[in-house]
Amino acid sequence: MDLLLLQINPIAFHLGPIPVRWYGLLIVSGIILAYVVGQREAVKRGLPEDFLADLLLWAVPISIICARIYYVSMRWDYYSENPGKIIEIWNGGIAIHGALIGAFVTAYIFTRIKNVSFLRVADIAAPSILIGQIIGRWGNFMNQEAYGGPVSKEFLENLMLPDWIINQMYIEELGTYVHPTFLYESVWNLIGLIILLILRKVNLNRGEIFFSYLIWYSIGRFYIEGMRTDSLYLVGDLRSAQIVSIIGIVVGLGAIIYRRIKVKPAMKYLDNK
């Protein structure tokens, strides 16, 4: 049987003439599940019931816009020649780091307006962010994007992957199978989610769950990015995601060390104020 016939169609279904892509469905599913989990913890930690929903009404669209701006700016040579494609986000091309920057800035401004500690909210939201990223990476899988370098089919079989994943990792235009880097990052984030949920019970200083997320995600992204073939570059061989990841690690570690030394007495995660 033709291998291409076994691959997943990136279009899930049609609403009349409008194609609904798996990519969009998975992104939306990730946001919804992240909200449900985050909302439960937010109320438990004493935030108003509508706080997280109000924040997401601003953070989600701003994050998507920032993610697209980040991606387009890194490939401006292409988009300056094809401006009509700038809005085609349904075909992929949104950068997670751009989305995170947009979300963090929005959350910081929102919490300042509401007179709520940003780090309190960031700690609550950190596991939910990972949930969104875990699911969102499968949108890349459906679109056959964000993959790594060539590998043999035997390599993928040795990873004990099911056939439907192996088949999707065959890229027709390359004529080869590729590293499922989307899966590596999704699994890395799943491990990170488990770690953060454990850290919640330790009752760390305020901000340390969020900074731990920043460190964990950045370490994984740095190494996995080095395997990808579609990286966005800043200058020469410098990959933008790796540079941002280094910054994330430094900021996360630096913030934990600084606050442990300078912020006394420190608020704890379980302090509902």
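Note: Cβ is positioned from N, Cα and C throughout, glycine not excepted.
Now, the feature entries from Swiss-Prot:
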| type | residues | note |
| --- | --- | --- |
| TRANSMEM | 18-38 | transmembrane segment |
| TRANSMEM | 47-67 | transmembrane segment |
| TRANSMEM | 89-109 | transmembrane segment |
| TRANSMEM | 116-136 | transmembrane segment |
| TRANSMEM | 178-198 | transmembrane segment |
| TRANSMEM | 207-227 | transmembrane segment |
| TRANSMEM | 238-258 | transmembrane segment |
Open item on the list: With contact taken as 3 or more Cβ pairs under 8 angstroms (pairs 6 or more apart in sequence), are the transmembrane segment (47-67) and the transmembrane segment (116-136) in contact?
Closed with: yes
TODO: Return the stretch with the most CB pairs under 8 A relative to the transmembrane segment (207-227), choosing among 116-136, 178-198, 238-258.
DONE: 238-258
Task: Remote residues contacting the transmembrane segment (116-136) - C-beta distance under 8 A, at least 6 residues beyond either end - done: 26-27, 29-31, 33-35, 37-38, 41-42, 45, 47, 51-52, 55, 96, 100, 103-104, 107-108, 185-186, 189-190, 192-193, 196-197, 200, 206-210, 212-213, 217, 267, 269
Task: Within-chain partners of the transmembrane segment (89-109) [C-beta distance under 8 Å, separation at least 6 from its ends] - done: 21, 23-24, 55, 58-59, 62-72, 74, 118, 121-122, 125, 129, 133, 136, 139-140, 143, 145-146, 221, 232, 240-241, 244
- [ ] Using a Cβ-Cβ cut-off of under 8 Å, list the residues of the same chain that are 6+ residues beyond the ends of the transmembrane segment (238-258) and lie near it.
- [x] 74, 95, 97, 205, 207-208, 211-215, 217-219, 221-222, 225-226, 231-232
Task: Surrounding residues of the transmembrane segment (178-198) on its own chain - C-beta under 8 Å, 6+ positions past either end - done: 126-127, 130-131, 133-134, 137-138, 140-141, 146-151, 156, 161, 165, 169-171, 209, 212-213, 216-217, 220-221, 224, 227-229
